[in-house]
Amino acid sequence: MKRIGVLTSGGDSPGMNAAIRAVVRKAIFHDIEVYGIYHGYAGLISGHIEKLELGSVGDIIHRGGTKLYTARCPEFKDPEVRLKGIEQLKKHGIEGLVVIGGDGSYQGAKKLTEQGFPCVGVPGTIDNDIPGTDFTIGFDTALNTVIDAIDKIRDTATSHERTYVIEVMGRHAGDIALWAGLADGAETILIPEEEYDMDDVIARLKRGSERGKKHSIIVVAEGVGSAIDIGKHIEEATNFDTRVTVLGHVQRGGSPSAQDRVLASRLGARAVELLIAGKGGRCVGIQDNKLVDHDIIEALAQKHTIDKDMYQLSKELSI
């Protein structure tokens, strides 16, 4: 293999730049040229492709976002549109592609693989919802961003004796809510994977109040429903002074944590190794702190699951 491409797609996550850097430097170490594809699959279709050198990825390992930019490209689901992308890859002499992103990005890589072009997926999403890996690039940074925000909100909640409902990202996966809620001692954690009884939530809050608790924190993943509606329901049912905070896109930004930088470096380099070995159609991950790779089609057939033991622990500790 003489030449590979790399792109980032979908929602950005801290550590994507570290992964790009690892792909470029690992490939050049093996005398392979690397071409960056800008704006994800949209840039692939339009031919926004440029050669990357060692200097192209200097001074980016500590930066959030993605040097290659990113975009969503729903039209890439069309086989004819994908053929245009493959034509662009062949036009530039690119023989393999590293795709850094989440579920939608993996779907694109899977489709390219099925159409005969070798791709390797690298899990880059703050949601931590990609099958075949314990952690995704960006999750740890986003988690620490959320924890820092909740710590600050708890200070004001304590001062004003208020109940706070805090909405975090996670449309289909509750990992951010669960990990942050457990780390911050939230009184209640609501996630899409687990049904909840609003009457039980209110009863828990009232029990806390009866034993002298002056404030409470409820962490809600966005996929559960409107945090504003949940906050109104709580205030009406308890008469507690209740506020709602939606953390939003602040969770995606910021300098990546050491863990995300190292994870991204390991996974990006491993993706290049797989392409060199002629193993396209794979996705890389980390399980039990060991690098692994899976068939991307088989991986996407699996479903991300929440850590049931951790969820149960959060309930037991929030009595």
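Each residue's number is its place along the chain shown, starting with 1.
Glycine too: its Cβ is placed from the backbone N, Cα and C atoms.
Keep in mind that what you see is a predicted model, and the values were worked out from it rather than measured.
Residues annotated as ATP binding site in Swiss-Prot: Gly11, Arg72, Cys73, Gly102, Asp103, Gly104, Ser105. Positions annotated as ADP binding site by Swiss-Prot, on the basis of sequence analysis: Arg21, Ala22, Val23, Val24, Arg25, Arg154, Gly185, Ala186, Glu187, Arg211, Lys213, Lys214, His215. Residues or ranges marked as Mg(2+) binding site in Swiss-Prot (evidence: sequence analysis): Asp103. Per Swiss-Prot, the feature substrate binding site maps to Thr125, Ile126, Asp127, Arg162, Met169, Gly170, Arg171, Glu222, Arg243, His249, Val250, Gln251, Arg252. The active site, proton acceptor feature in Swiss-Prot is assigned to Asp127.
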Using Cα positions only, nearest of the binding-site residues to His215 (ADP binding site) (Cys73, Thr125, Val250): Val250
Lowest local Cβ density among His215, Arg243, which the record lists as binding-site residues, within 10 Å: Arg243
Rounded distance in angstrom between the Cα atoms of Asp103 (ATP binding site) and Thr125 (substrate binding site): 9
Candidates Gly11, Arg21, Cys73, Ser105, Glu187 (binding-site residues) - the one closest to Val250 (substrate binding site) by CA: Gly11
Integer Å distance between the CA atoms belonging to Asp127 (substrate binding site) and Gly185 (ADP binding site): 20
Residue among binding-site residues Arg25, Lys213 with least C-beta crowding, 10 angstrom cut-off: Lys213
From binding-site residues Arg25, Thr125, Asp127, Met169, Lys213, the one whose Cα lies nearest Gly11 (ATP binding site): Thr125
Longest CA-CA distance among Thr125, Ile126, Asp127, Arg162, Met169, Gly170, Arg171, Glu222, Arg243, His249, Val250, Gln251, Arg252, per record bound to substrate, angstrom: 33
Lowest local Cβ density (other Cβ within 10 Å) among binding-site residues: Val23, Cys73, Met169, Val250: Val250
In the chain carrying Glu187 (ADP binding site), residues 6 or more apart in sequence that have Cβ under 8 angstroms from it: Arg204, Leu205, Gly208, Ser216, Ile217, Ile218, Ser318
For ATP, whose listed binding residues are Gly11, Arg72, Cys73, Gly102, Asp103, Gly104, Ser105, the greatest C-alpha pairwise distance in Å: 13
For Arg171 (substrate binding site), nearby residues of its own chain (Cβ under 8 Å, 6 or more apart in sequence): Asp127, Pro192, Ala221, Glu222, Gly223
Arg21 (ADP binding site): tally of other CB atoms within 10 A of its CB: 25
Gly104 (ATP binding site) - helix vs strand vs coil (DSSP): helix
Nearest recorded site to Arg252 (substrate binding site) by CA-CA distance, among binding-site residues Val23, Arg72, Cys73, Gly102, Ser105: Gly102
